[in-house]
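Colleague: Right, I'll just put the structure down here and ask away after.
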């Protein structure tokens, strides 16, 4: 595996020289092809050892539904869950029967979204973007870390030539990361337009359903390169949430993201939005809600550990889950949350309301279905 | 007939030529007094040696197959795999509530300190709530916070107990060091392989005694209950139960003496015979002690086996002399005649026994080798005590004439149908075609049943806990308690991941190790796994404020290094100082052979596929790893052992009989017994393991005794021109009845073991009883039936004509 890394480094160096000399428009594609060829070559040049996570299809595991799972999404009546080791599973209805999808990589996956019952994307570590057109049963790789590095390299060249050395330098840093690109959240507003974000201000967007990607990190007002953990459409705008209280709002005219005032200095783990509210959640039970994007209210709830995920049950009703395996329920748009009585005590990482009574939750020890209990309070 | 016989006896005495007989016989019988004195002196010496030197001991290392790949790998890295050797888990329960009780915590501290002082405990690696190395960490907005689980400010106040409770949750030791229900906590005691003061292998008998003292002391105080599990504890319980095992031996010896007496009605000769067998046991124990061996819970069976074999031979000698005395022979003449007739058969049989035990040396496991040596020595001693000394002693004492007459009466042409011989001689019908055919058909059916059943024979343990002990024994109850209240089992299988020096933190190695953990976790028998990779992932996520999306193995070397260093603070067992060895530990649901096979197969395939210059997967460490190695060794040697035992027995039979036909007749019934014994093991749920091996070897050994005594008489008769029916009749009446008596006697004596509190002994009792009985039945029925086809009259008349 070491050998293979070396090959990649050499190729990037070669690409570097090329990009320095001549900045052809087709370079990006050329570089992509390079990295693909290089990946293919490394498979053959490696007689021993194990394939890299990016090259090894996900292991169809007996206990995949009990593995650490990070994110849930609905695709029509189907629920899709993604997590460690390239695990993607789906369930039709609410029969708790999970089937594992064919996934070409075994990288750890961090987030999933479907825009309709067939079309969805998944992001993860090693810079992977996976795409499905059959409701999550099969997936193809649209982007990987090598390609992301190459895209950074190319863009750095362009910016450097146009005199923006500061941005170019930052993008070069992104290129030096090589395959180590962590995508942690995504948002698609329709089947063509989407943004994926991740570690150290990593951000890319597509306008053609993932066929091509462009780096947009330099359009984000995030000087210290904080990690980006969530993308939320709320109050008619697009927000990006991240480390150390970072809240960014997209300006649709300039397509740039500007930091806005945050009510909390700790890290946000994500957020959930609607036309009339934005709710952000994060460390130490911090849950804040705003109706105008400026004035924030701290939710009234009994929690001391990080909130990891939220889901809308109805226009007014919301659920949250925490690292303590708690489920919180609000019927007033997030102003006040009641703790739901629960038998399980493993950390929850994701929640998805299936209908007004059924929740699907995922976490460290897998995915399961629980019933909402609106009346009872946790003792 | 009686009159004739008496005349014959007179003839014998008159015509007996003192110069006749073999050289051995002449030497023996012309130096009788010297031999007796010599025996007395040696016995006195051996008694002194036994009292002075004989020790009970048991060491873990001696139970490992020394040259098996897994064990070699383990030994090579054992210094770097602390906590994966043998270990004891001492669970301290508060019967009056949960562990957040100042009185309980204080008791725990005292127990912890006392156990710390027990020699043989690897002190640096003890883990309990009182160990400074057991730490908690927490992620906050500022980063990590942490400290020992037991607050440094602990003073027994409610406030500090509350802190302790919080730390337990933060440290994630719930289910590991603290019971899931908070009613008990665990002291994890890793054990050294050797005693640091003496350098010798750690003696579990001594160790478990020390631990038992600590347990007794604190349970007597009444504030806590203590449960102990671990291999050393099983050995401890077996050793502690030894007095009961010995009591059952004593009962067996008593039963044997009684039955032999009822059969012979002669106190003196019975006493002599039992004494000679006991002297053999004494000598065996003495010689073995002189050789530096000690008894362990498995070889403790050997003295009894030596005694049983001794009885079998002694009874034959006594019977021979009795018959000669009955016909009027002088006791010296009778002794010499018997010696002459039976010495070779006896010698061959004992040599066969010795060989049967000696092949156990094929097993690459020191305790079995010791056992093989001990048993072979015992059998060799029997050649002297029961084949030579017993006839010599009988030549002085003779047997009671009335008893002898009684025994002769049974040999008449028309014995009472209700006497033993009367019943036995009916067996001669098996020399006739119709009966022979039906007996052989019956045997064929049994072979079929035995074979199909024995296909399910398993290697190793078939049950949870310790199968050597009763399911309701204290140990197995303790084991069930721990399984029920703790998440991590005590059955650990460790895969050793090896990298070049300073490369254990390479992404490739960690990623490969992480994938192995995951594949292992897919197995139904694996509860959980633990590895550096998993720890690094956790720390990585922790480093990013506990964000689950960072629960990943980063490719960034700085992130990995930080994770590994931070992880090693909480758990020093994750990698070695050179950063070249790291274990993947699988916690197994149990240590049944099936479970172990699943694991070894998976790891082997994984290693074959992925081993490279950068990382290598080696098996194995942990108690389950060693047991897997033992199972593999036992499994291969099992068939080998049978092959060699039978080859040796066949060779010895051939030397004795000079007829391959007789060899076949002697060996086939034995093979049937071996097969049926395997089937019986399946039915009883006993696996092939270290403890069962000597029984199987003995089964063949004692079986061949019967065949040798029967066939040698039968063959002599046939060679003198008797028909098969006549010859077999004579064999039945002479040695056959003793075979029957001995078979029943030994079976009855060992069947009492079925009530032993030690399940291991109970299983052995049932198996031995079956083999003693079935070998007897097989010999008495199948020998005539096989003879009909292989050594029938036609065969002999033909050769006589020649």
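Cβ atoms are placed via backbone N, Cα and C, with glycine included.
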Colleague: Scan B:188-209, B:210-231, B:320-341, B:342-363 against TrEMBL and say which stretch is down as transmembrane segment.
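Modeller: That would be B:342-363, per the transmembrane segment entry in TrEMBL.
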Colleague: Can you check which of B:165-184, B:245-264, B:405-424 TrEMBL lists as transmembrane segment?
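Modeller: TrEMBL lists transmembrane segment for residues B:245-264.
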Colleague: Of B:125-149, B:375-399, B:475-499, B:500-524, which range does TrEMBL call transmembrane segment?
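Modeller: Spelled out, TrEMBL records transmembrane segment over residues B:375-399, not the other listed ranges.
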Colleague: Which of these ranges is annotated transmembrane segment in TrEMBL: B:82-99, B:100-117, B:298-315, B:532-549?
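Modeller: Going through B:82-99, B:100-117, B:298-315, B:532-549 one by one, TrEMBL flags B:298-315 as transmembrane segment.
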Colleague: Can you work out whether the transmembrane segment (B:664-686) touches the transmembrane segment (B:33-51), with the criterion being 3+ CB pairs under 8 Å where the paired residues are 6 or more apart along the chain?
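Modeller: Contact between the transmembrane segment (B:33-51) and the transmembrane segment (B:664-686): absent, because fewer than 3 Cβ pairs are under 8 Å.
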Colleague: Need a quick answer: max count of Cβ pairs under 8 Å to the transmembrane segment (B:732-755), which of B:245-264, B:342-363, B:767-791 is it?
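Modeller: When the Cβ pairs under 8 Å are tallied, B:767-791 comes out ahead.
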Colleague: Which one of these stretches, B:245-264, B:342-363, B:641-657, has the most C-beta pairs shorter than 8 Å to the transmembrane segment (B:692-711)?
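Modeller: Ranked by Cβ pairs under 8 Å, first place goes to B:342-363.
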Colleague: Just to confirm my parser: what is the rounded mean pLDDT across the domain 'SSD' (B:278-396)?
Modeller: 86
Colleague: Cβ under 8 Å, sequence separation of at least 6 from the ends of the transmembrane segment (B:245-264): give me the contacting residues as numbers and ranges.
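Modeller: Hits for the transmembrane segment (B:245-264): 270, 273-274, 278, 300, 303-304, 307-308, 311, 315, 318, 322, 399, 403, 407, 420, 741, 744-746, 748-750, 752-753, 755-756, 758, 761, 765.
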